[in-house]
Amino acid sequence: MTDVPLPYRVIRVNRETADTVTLVLAPTGPATLAPFAPGQFAMVYAFGVGEIPVSVSRIDRHALRHTIRSVGAVSAALCALRPGSRVGLRGPFGTGWELGRAAGQDLLVVAGGIGLAPLRPLVLDALAARHRYGRLNLLVGARSPGDLLYAQQLRFWTAHRGLRHCAVTVDRSADGWWGHVGLVTTLLNHAEFAPDSTTAYLCGPEVMIRATARDLVHRGLSAQHIRVSLERNMRCATGHCGHCQLGGVLLCRDGPVIGWDRADPLLSVREL
Amino acid sequence: MAGSTVTAVLDRNGLDALVEELTAQGRTVVGPTVRDGAVVLAELASADQLPWGWRTRVEAGRYRLVPRDNGAVFAHTAGPQSWKAFLHPQREKLWSADRGPDGSLSIVEERADPASYAFLGVRPCDLRAIAVQDRVLTGGRFENSGYAARRTGAFLIAAECTEPGATCFCVSMDSGPAADTGFDLALTEVVDDAGHRFFARAGSAAGTKVLSGLPHRPPDPGTEAAAHDAVEAARDRMGRAMPPVSLRDLMGESLEASRWDDVAARCLTCGNCTMVCPTCFCTTTEDVTDLTGDHAERWQRWDSCFDLDFSHLHGGPVRATPRSRYRQWLTHKLSTWYEQFGSSGCVGCGRCITWCPVGIDITEEAAALHDELAARLRQDEQNDEGGGDDRKEPER
Amino acid sequence: MTSTTTLAAALPAEHRARLMRQAREVSFPAGTRLFEEGRRADRFWIVRTGTVVLDVHVPGRRAPVVESLGHGELVGWSWHFTPYVWQLGAEATSPVRAWEFDAAEVRDLCAADAEFGRAVATWVGRVVAHRLHATRIRLLDLYAPYGSGS
């Protein structure tokens with residue numbers, strides 16, 4: 001289904017932080033969307049309010065998860081849903097992270113804020129096939145300790161699932177926080193990766209992506225091996241409405257995940 | 001050009017019969033007609049409604065109808081509309097959703113039944129524009145089903161250009177004045193001592209069938225030669241031209257040009273150019289509900305990259321300045337379109353020049369960008385060659 | 001960027017060797033205060049293992065941490081600039097092993113050898129510039145609902 005949303009039922013709502021929830025969604029009938037790949041997104045429709053693009057934050061056999069932060073009319077409506085509510089879904093759309101292309105390499109996953117959500121299915125896939133990859137590093141930046149997503153899971157992955165290096169940093173400390181304080185790029189010093197044999201996956205605010213990608217290039221990663229997920233206004237998600245243009249890139253079709261070799265010159269031009 | 005294609009000569013009666021035949025086939029015949037002081041596109045009941053004896057005088061920001069003394073019907077240039085108004089309408093319902101008392105949700109596609117169109121008098125530039133929109137809306141991984149339904153089976157009758165206007169530059173964009181492909185029938189109007197007639201060529205099986213059923217004369221070499229000469233003559237009478245360089249590369253090299261500030265000082269960001277452009281395809285969506293709150297609809301309507309909301313992201317628009325929005329339009333049209341859809345997005349119809357309220361001229365802007373880039377490259381070259389000696393000068 | 005602020009990458013080998021001749025190996029248990037705001041900046045450290053945090057004293061609450069420093073990173077730069085007074089506090093939040101330097105000795109070396117002095121100044125300047133840049137980005141509150149400085 002790409003034109004008309006397919007009804008899905010909210011089977012669970014996980015509150016992640018004060019302004020962020022994860023909706024666990026299952027189809028209401030026999031019809032179901034085609035399988036999603038990590039990094040791809042769906043257009044999620046809140047009845048009568050509107051539709052927004054949201055990456056999948058976990059892909060199970062029967063259920064899709066979308067982690068949504070309440071920042072606008074549609075996302076606020078979605079965050080207010082309860083189990084049993086219905087949404088409309090279209091998708092899957094866009095390019096994925098394409099983890100398979102990094103076989104044999106060290107993996108460096110860098111997330112900022114809600115950017116951890118689209119990266120979670122990538123981390124899960126990498127953990128499920130650890131032997132195919134080198135060292136898996138997950139670096140996470142959050143606004144404050146209370147804004148950190150999936151905190152329990154991060155600990156679980158490190159303790160029980162073989163996540164080699166997981167580091168979290170916050171912009172602002174708080175009482176009771178004993179972890180790192182600083183920009184997410186400062187975590188790179190402690191990550192374990194060989195720059196000439198590493199693929200990096202970045203998702204977060206554009207400023208954070210630019211700072212991190214440039215740091216990584218400086219450390220010797222090739223731009224093609226830095227995959228970034230970008231965001232622009234999106235309406236149709238099928239390549240027909242023109243809203244998500246970033247230069248010659250149609251982000252709904254050629255993105256949201258593109259190589260830094262392609263993104264760097266585009267993000268360097270203001271207001272492109 | 002004719003080769004093995006079926007050709008014939010029609011007179012005014014033949015044109016009348018053409019409209020009658022297409023109407024009899026159940027088609028909605030759309031063509032140019034005079035209304036509100038302009039040649040507009042509208043549904044035609046008969047060939048009488050065509051703009052017989054009218055031509056247009058256009059300039060940047062200016063459009064006037066003037067009588068044509070020889071009674072020609074295809075003497076006008078591109079009007080304020082293009083065929084996208086019919087194939088890719090301004091407003092279209094996509095689907096509707098209903099919420100049941102139990103909270104259940106049903107969503108059904110709800111597009112209007114597509115008309116079976118026949119377009120009469122499609123200029124070669126517009127023929128190209130339709131092909132460009134075909135690629136955008138149906139040539140990718142996903143197909144715009146509403147467009148596809150209207151486009152499939154639409155019967156296209158081209159009218160080759162013999163009287164280009166002052167804002168025309170199809171020769172630069174290689175899209176006219178002759179019609180080569182993409183039509184069912186092509187007409188070339190000839191008015192001379194031998195009479196007022198149309199050299200007709202079939203471009204498809206459907207076109208051949210229709211043509212053979214019309215009252216016609218067999219093609220004569222005189223009419224064919226006159227038609228050919230008139231189109232060739234038009235080729236040399238283009239009112240405008242693009243700089244003869246790769247516009248794709250030119251725009252790619254000009255993203256930081258100072259000319260954008262110059263044009264931004266004149267541009268009202270009204271979006272007229274995007275509305276009249278026959279290839280501009282951008283749309284947005286509107287979600288509406290009725291008073292009960294249990295019935296919702298999704299509508300699609302034209303949008304413009306000149307609109308501030310177009311690039312809205314979280315806190316505000318990505319392209320906040322007129323400079324960036326004009327640059328987006330022009331670089332998309334002439335350059336990034338190739339990357340996205342494999343061709344230029346400009347067909348040289350000149351509408352954006354004619355209908356710009358302040359007379360911004362796409363060919364003039366491209367030429368200015370070209371001059372600026374050439375000057376910059378010259379300067380770079382001098383700096384490379386100059387070495388230490390030249391450096392003293394600017395310091396004085 | 002960060003990589004160039006660690007000592008190994010930032011100082012040419014000859015100057016690095018010279019600086020390291022001044023180093024003393026030290027270790028601190030978790031909870032050790034390395035320095036306090038307003039005190040004389042008479043030493044500095046390069047972390048070998050463990051974490052040192054920089055904090056600011058605020059009455060009525062635990063001192064908020066503004067930055068964490070780890071392996072290879074310079075702890076303290078106020079020793080390099082008059083009036084040689086710490087601007088923040090520093091605490092080991094884990095057992096820390098570090099190289100410790102006497103600020104006056106290093107300053108004397110810098111004064112005696114202009115080339116060495118320039119190399120050290122460039123290194124400290126890079127550290128400060130990098131931390132300033134990182135702090136400016138954090139200042140944007142990027143991860144706020146309407147982040148990226150809007």
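Cβ atoms here come from the backbone N, Cα and C positions, even for glycine.
Quantities reported herein were computed from a predicted structural model and do not represent experimental measurements.
Annotated domain 'FAD-binding FR-type' per TrEMBL: A:3-99, in sequence order. Within the domain 'FAD-binding FR-type' (A:3-99), the DSSP-based counts of helix, strand and coil residues read 8 helix, 48 strand, 41 coil.
Among the features that TrEMBL reports, [2Fe-2S] cluster binding site is placed at A:Cys236, A:Cys241, A:Cys244, A:Cys252. For the recorded site, A:Cys241 ([2Fe-2S] cluster binding site), the DSSP three-state label reads coil. With a cut-off of 8 Å between CB atoms and residues at least 6 apart in sequence, the same chain places A:Met234, A:Arg235 near A:Cys241 ([2Fe-2S] cluster binding site), listed in sequence order.
Counting every protein chain shown, the Cβ of A:Cys236 ([2Fe-2S] cluster binding site) has 25 other Cβ atoms within 10 Å. Counting Cβ atoms from all protein chains shown, A:Cys244 ([2Fe-2S] cluster binding site) has 25 others lying within 10 Å of its own Cβ.
DSSP assigns A:Cys252 ([2Fe-2S] cluster binding site) to a helix in the three-state reduction.
Averaged across the domain 'FAD-binding FR-type' (A:3-99), pLDDT for the predicted model comes to 94. The Cβ neighbour count for A:Cys252 ([2Fe-2S] cluster binding site), using a 10 Å radius over every protein chain in view, is 26. Using a cut-off of under 8 A between C-beta atoms, the binding-site residues A:Cys236, A:Cys241, A:Cys244, A:Cys252 that neighbour chain B are A:Cys236, A:Cys241.
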